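Asks: Provided herewith is a single structure, encoded as structure tokens, for subsequent inquiry.
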Amino acid sequence: MADGALPTMSLKGKVSEAEWQARVDLAALYRLVALHGWDDMIFTHISARIPGPEHHFLINPYGMFFGEITASSLVKVDLEGNVIDKTPYYINPAGFTIHSAVHAAREDAHYVMHLHSDQGVAVSAHKEGLLPLTQHSLIVLPQLAYHDYEGIALNLEERERIVADLGQKKLLMLRNHGTLSVGATAAECWLGMFFLERACAQQVMALSIGRDNVLLAPEAAQDEVRKQIGMGMGMIGGLAWPGCLRKLDRESPGYAD
């Protein structure tokens, strides 16, 4: 167990191999977000669908910091918000609203990540949204959609609008709120968010010198990048993911407990 992690009974060997792997990968995502400083204490969430017809998914125990989360501490719920297995923890209602919406609507959305980073929230509140300023932004823009702010996501009726605005894209800017990434794998979900968060940070820094002083990427270059990334984040993410896990093993061990 990692230093500082809350005590949790290990579920290894007590759940299916598929569920255990989803738990380990999801716990890794939480730890990676914490390592990059993109967490917001207990107030954002990442989820993973468990393979199987039940459409159960895993999400963080409400009250646990991202750097404390382990594979065994994650909470399993159904699409109605019912906790499936006995646990001392419960879940964030706003997290359930957002994540249940995407998991129910998108079969390819095995992992869903929602963050409130400073740079992500800042760009979500910018009237022009994410601008084609950098290579990072050009990579994510073709997969980026927008959802207008409706208040804290406690209204279950908002789920339909979140899903409609996301459509078949992989990334969503929640206006005045934050960012969201979906992926068929933990690696794809992570890499999409990594590029989006980097693009947002770069935009905030660039605009600090004034909107009139920044140079947008030429239209031809934007089109070229769109063609070049046709292979998607899945393959690239698969190449980067093992290195991410090695970094966790060095700097945040215990996530797979």
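Even glycines carry a Cβ here, placed using N, Cα and C.
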Asks: Report the candidate from HIS55, HIS177 that shares the Zn(2+) site with HIS114, HIS116, as recorded in Swiss-Prot.
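Replies: Candidate in the recorded Zn(2+) site: HIS177.
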Asks: Sequence gap of 6 or more, Cβ distance under 8 Å: name the residues on the same chain that satisfy this around HIS116 (Zn(2+) binding site), in order along the sequence.
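Replies: Spatial neighbours, sequence-distant, of HIS116 (Zn(2+) binding site): ASP40, PHE43, THR44, HIS177, GLY178.
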Asks: Once the chains shown are all counted, how many other Cβ atoms turn up within 10 Å of the Cβ of HIS114 (Zn(2+) binding site)?
Replies: 26
Asks: Tell me, how many other CB atoms lie within 10 A of the CB of HIS177 (Zn(2+) binding site), whichever protein chain they belong to?
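Replies: By my count, 22.
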Asks: Same chain, not part of HIS114, HIS116, HIS177: whose C-beta falls within 8 angstroms of the C-beta centre of the Zn(2+) site? Give them in sequence order.
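Replies: Those within range, site residues removed, are ASP40, THR44, LEU115, GLY120, VAL121, SER124, LEU174, GLY178, THR179, LEU180.
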